[in-house]
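Residues or ranges marked as compositional bias 'Polar residues' in TrEMBL: 557-570. Taken from TrEMBL, the feature region 'Disordered' applies to 550-570. Taken from TrEMBL, the feature transmembrane segment covers 34-53, 59-79, 91-114, 129-147, 154-179, 185-211, 223-241.
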Amino acid sequence: MNDRLRTILARCHISDKRCEDITEEITRGSTPGAGFYALIAAASLIASLGLVANSPAVIIGAMLVSPLMSPIFGISLGMIRGDAALLGKSLRAEISGMVLAVAFGALFGLLPVMTEVTPEMLARTEPTLLDLLVAVFAGFAGTLAMVDTRISPALPGVAIATAIVPPLTTCGLCLAANSPQGASGAFLLFFANFVAILLVSALTFLAAGLARSLPQAAKRRGVAGNLAIAILCFLLVSAYLTHTLSGIVRDRNQDSAVKATLERILGQDPNASLVLTHRKNHQNGLDVLASIRTPKPFTPQRVAAMEKALEQELGEDVRLVTRCLLTKDIFPPGGAAVVTVPSLDGSFITDKVPTDVKRLQLAEQTLRELFSTRPQLLLLDVDLVHIAGDPVILATLQSPRPLVAKEAQAFEQAIRDRLGDPRIRLLARCQVPVDVTATGRILFGRAHFGPPTPEADKVAAALRQDVQALPNMFVTSLDVVRKDDGYAARAEVVGPRLLTPKEIRDIETRVTAMAGAPVHLAAWSKVELMVTDARYTSLDDYTSQRLSAAEEAAPTVVTSGQNEKATPAR
């Protein structure tokens, strides 16, 4: 067995002439000088630019320029030959080059060019066992290219694979950004590459016979000790990176399980889709933030059910938060399909969905088409409920007035026709907004906006005076606009009784005579008053009086040399 091993090793040995050439080449590359440090500085700056710009091509350029792999070969050659001078020279070159690369990275990081952390930077702050294996094979390829002249042209590719300078530059950038954890991770990647290349190159040089001139006794024991130290460092780094890799694999598996579980739950609702998830482990379990695209916010009960499903899948306590990104799928008129999660063949529009989902989506599409011709109606929300066994479309809408039954019947029939289902019912929940400006409630928009109209203001003042001349009648809002044939007026009047048509005609006659043009008044008369023990008053006047009294009673507070009234809490 030993004879066979000696035969194999003898075949790997190189000639004495080649041995001398390699030793001279490595010694020359391991001797630090002005050119050596200039290349280190250039490589570090190029790597900094590539990392900050997130450009792999620029980073590859820095790998090609870097001369830091030659001193590693010098260290390994000095170790196996017992050459203290070469070993010391190579160590000084490697350490000084390493410090210089980190320093230039840190200096570059202080410039106002690094606005955010890039993926290229992050990729070098969390090394794993895979990075160590890359360094092992790259180190072997580099050493083999150094030994065998036939494959020496492969050295540039080896430089790219080993990537000595980018981790050091990343370390400097992280230090400049006050991120010691990232800096330690990047330096660990460099150290893993260093140890792997050192050990593999030393063993390859031994196999190639570069230690043939080594004396038989003490120096061999020293070489064995050096190799033992290198092997120990390699094993320690391997153990740590294996633990890191297992943690990354575990995290990825957990991410996949969270994503798969949420997508399975959301798959029952074609209107909802998972956008992305964030996961964080802690002592008490797992926190999950799920960003979900949905037409309406999820209910707390639905989130609780999703959280329970995650706990059953992962086998640990989960705290789930859903971030609902509200979206609506709008089809052109006549659209009768449903958007779903893309299938394996790429299709995302289908008719094959649960009945209630189809009812809801097509009913909403129908209402949007109908409301598009009636801009005063604004569709706010659509839901599907079941009342007394019937499917009911609950439509929440904003309108200037409540819908009448005839309008609701027409909308309901349109939904039935689209779905082909006569059992569908419509429940319209109307929200009537009240638009108010500094001059009162808006009855005519033109009366509150646009250029001033003194003539219309005079008509409004006369109308207000005549209406309020009636016993206990109060005008809460009044708008007047100019028409081709005169003036149109709308008023909101409150009192203990309703106005009569005769009173309206009498007021119109008097104000028309004053204005010299026809005045047409439409009054919204309401029996609505605030009654005290002394008098009648409108709710608006009563509220305004209470606010004025509160302001007058507010204590005066001196602030920054100015008197200010503090408004009491009510």
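First residue shown is number 1, and so on along the chain.
Cβ atoms here come from the backbone N, Cα and C positions, even for glycine.
Note that TrEMBL annotation is computational and uncurated.
Counting same-chain residues at least six beyond the ends of the transmembrane segment (91-114), those with a Cβ under 8 angstroms from any Cβ of the stretch are 30-32, 36-37, 40-41, 43-45, 47-49, 52, 67-68, 70-72, 74-75, 165, 168-177, 187, 190, 194.
Same-chain neighbours of the transmembrane segment (223-241): 79-82, 127-129, 131-132, 188, 191-192, 195-196, 198-199, 202-203, 211, 214, counting only residues six or more beyond its ends whose CB sits under 8 Å from a CB of the stretch. Long-range Cβ contacts of the transmembrane segment (185-211) within its own chain (Cβ-Cβ under 8 Å, at least 6 residues beyond either end) map to 9, 12-14, 19, 22-23, 69, 72-73, 75-77, 79-81, 94, 98, 102, 124-127, 131-132, 135-136, 138-140, 142-144, 146-147, 162-164, 167-168, 170-171, 174, 223, 227, 230-231, 233-234, 237, 240-241.
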